[in-house]
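Copied from TrEMBL, the annotated features are:
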type	residues	note
COMPBIAS	A:1-23	compositional bias 'Acidic residues'
DOMAIN	A:226-282	domain 'CBS'
REGION	A:1-25	region 'Disordered'
TRANSMEM	A:309-331	transmembrane segment
TRANSMEM	A:337-363	transmembrane segment
TRANSMEM	A:384-404	transmembrane segment
TRANSMEM	A:410-433	transmembrane segment
TRANSMEM	A:445-470	transmembrane segment
Number of protein chains: 2
Amino acid sequence: MAENEIAELVEETAPPEEGEQLDEENRLKPEFVDAVIGALAVGDEGRAYDLVEPLHPADLADLFELLQPDQRRALARAITDLMTGEVIAELNDYVRDGMIEALPHAAVAGIAEQLDTDDAVQLIEDLEPEDQRAILAQMEPEDRAAIESALAYPEETAGRLMQRELVAVPEHMTVGDLIDYMREHEELPTEFWEIFVVDHKHHPLGSCALSWILRAPRHIALSDVMKRDQTLIPVGMDQEEVALRFQKYGLISAAVVDESGRLVGQLTVDDIVHIISEEAGEDALLMSGAGEGDINEPIRDAYSARVRWLVANLGTALIASLIIAMFGAAIEKLVALAILMPIVASIGGNAGTQTMAVSVRALAMNQLTRSNTRRIIWRELRVALLNGATIAALIGVATALIFSPLLGGVIALAVVINIITAGLAGVAVPVLFDRMGQDPAVASSVFVTMITDSMGFFAFLGLAVASGLVG
Amino acid sequence: MAENEIAELVEETAPPEEGEQLDEENRLKPEFVDAVIGALAVGDEGRAYDLVEPLHPADLADLFELLQPDQRRALARAITDLMTGEVIAELNDYVRDGMIEALPHAAVAGIAEQLDTDDAVQLIEDLEPEDQRAILAQMEPEDRAAIESALAYPEETAGRLMQRELVAVPEHMTVGDLIDYMREHEELPTEFWEIFVVDHKHHPLGSCALSWILRAPRHIALSDVMKRDQTLIPVGMDQEEVALRFQKYGLISAAVVDESGRLVGQLTVDDIVHIISEEAGEDALLMSGAGEGDINEPIRDAYSARVRWLVANLGTALIASLIIAMFGAAIEKLVALAILMPIVASIGGNAGTQTMAVSVRALAMNQLTRSNTRRIIWRELRVALLNGATIAALIGVATALIFSPLLGGVIALAVVINIITAGLAGVAVPVLFDRMGQDPAVASSVFVTMITDSMGFFAFLGLAVASGLVG
């Protein structure tokens, strides 16, 4: 067989069918990823191209994230024409920044011009200011102006996130006029879900879901089908707030207005779902002190975020040690105290973390407000009493049997005291941080752990001394 | 002034303006909530009605959640005609169930008929089977059939969540035909974002965003504007998977198909955002063992979810105690060991929780797969080395100054060993649970804590003995 024929045969069998790349949970199969890596390793760019060509842009982005940095660059070289704006927009921030930094400014400018404003902004917002300027200088003036005005808004605000592309029409239009207008104007965005009706000052008056327009007769005025009751998003609103509004009111898109109430952009739910997921998922990371907790984050950043937290926890552990040191003489006399004391602290820490996780989530979802704080504290106190009684009975009886009844009573009482303390601290600490305008997920757990550790050792060792068990 | 006139004056000033009910973070103001509670307490139902009448259904639902159970019933009585399906659909599950159980079956049936299938299903799915039957018996046959067939699918699957109301048309239709069809058929759903094109067997062929239809000339065939590349959702797919698909592919709506590939319903993103937020937010709750962690959950349920976890943690704490007990003689000789040992365990526990939070999140987002597990373990190991070195230096020097250089060396080495153990366990444990098909958020933290606690005490006390520091 001639080489050509073999190449043709390979060509025909190469493109994998749907289902060859993804497993049942929609993840790229390791064998598929290995095949791409193998093709890149032997320099067979054609084979790599054929393998990844059938992938959806979002899956292609996932593939890049699974590769090592040098493999990412090799793949990008092999499939330049598949590297669409959609792929770039779907990439993890760190992976994208790493790849963008390796590209010449003109290439980045070319990619940015293909994208909607919001995605283009995301593409360059984390680059160094001089790189940003160099890239912007190579873009069309109109695109550049849109990006520059978006960059003028603070990070993580509606102004940064919004698309400037939208359909805004005057209220005197009829449904028929609008359909004609949309058919004639090719520069309109390709996908949108609602149109906005504005007055002569460009202030939004209402919005129309496209389904209403499609179902209304041509002669009906837009002002008769539009919904006047809108959720307007101020341009400076924080993305967390934006995400909550979309969730609460079930929005598909929303008008963004500037300080004077003019319509300046729109937000659509497909951009917001990422933020909803990010904001909801970050609490677990923040409470553990893992910073952004992104597995693509550079090691340096991960280290600096986490070590700060560990140092803070070292401080709280030292406070606990000071309390133990106060009772050094008692421990020397009765080593059982040293054996049992971590149990009291550990159970209290767990109970505190439970209550804290519940409170932080309820605060984030605006379910825990001044109106029901007292009721929730009372609720947690009752749960703590039940938990405390159960655990105290278990450990109390076991200790009584193994060591002595008095020590069993001491540890049982200490456990009850510490679980109740944990329940109160688990609500009160996050609520106090929230009222002080701090993110309750960030700082609460250092304080709650400090309280439950200290109280655990103090209650147990203190009761042991007070009960006459030692000395 | 006559009583009438006063009543009129009150009437005029009563309806609060926008901004009187909500604070800047979109939460109901406590003063507003208190005003409603006050009106209900004195039996002034008219005043309560006037106060809440301007609220959006989602805010009205929030108001119910903030009230005590008896206040909820009083408010529901005062504002029966404002209790629309939208309000009911927005209520927290527990609050809704509590209110629904208090209503007669006919009233529940009436509410369910107003709702889309998916919301109606949510309304009755948690009721006792006999209550469900009694309510369904009072509904129109068509609505009943739709709900019964949804209830036939397992909870938390696409079949339960989907709407049956959708627009499906044959591919030979033109854009003009479609617009005429939609104008003529009043029974179509009122709000939809895409239409589905099906073949004669009702298998989906493609979908059209409404914006493409509005912009295409009337004579164009739908098959020329539709998108053929669709994400089809099997009716049995778990809601977590559904949420990931919507997020990954930026979907607004998606076709749901049965086993034979027929189009049976649609999912729209406004229903999915709740699930995205729930699934992303639950990891923090699961990792702490707080169960569902809903502040509206009955105390009994919260107790039973949490105490199970605390008992499991009591078990791991006992293992740690056994290890300490092995070194009882050493502690009796050198009480400094008892004072310092909780530090080693506590720092290891924190480092382990950090790594675990990062791994659990990455697993949930499909970012950590077989293809990059080794790279991520290596990454976490390097972060652990840096963290371990830093913390070991701090505590080692402090211990050397206060106690002795040898004890400083022992604790520094023990901290390094425990933080590295924590880093490895923090990735390996969740990954192993995931590979065994278990939710890594649920069980990981008991095991990681057990490993870091035991290793903390063992490394520190063992090194103290091995170094000749005691005995």
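Along the chain as shown, the residues are counted starting at 1.
Cβ from N, Cα, C; glycine included.
Broken down by DSSP into helix, strand and coil, the domain 'CBS' (A:226-282) contains 25 helix, 15 strand, 17 coil. For the transmembrane segment (A:337-363), same-chain residues at least 6 beyond its ends with a Cβ under 8 Å from one of its own Cβ atoms are 283, 287, 320, 324, 327, 330-331, 376, 380, 383-384, 387-388, 391, 395, 399, 403, 407, 411, 414-415, 418-419, 421-423, 425-427, 429-431, 434, 440-441, 444-445, 448-449, 451-453, 455-457, 459-461, 464, 470. Tertiary proximity for the transmembrane segment (A:309-331) is limited to same-chain residues at least six positions away from its ends with a CB under 8 Å from its CB atoms, namely 288-290, 337-338, 341, 345, 446, 449-450, 453-454, 456-458, 461-462, 464-465, 470-471.
The average pLDDT computed over the domain 'CBS' (A:226-282) stands at 92.
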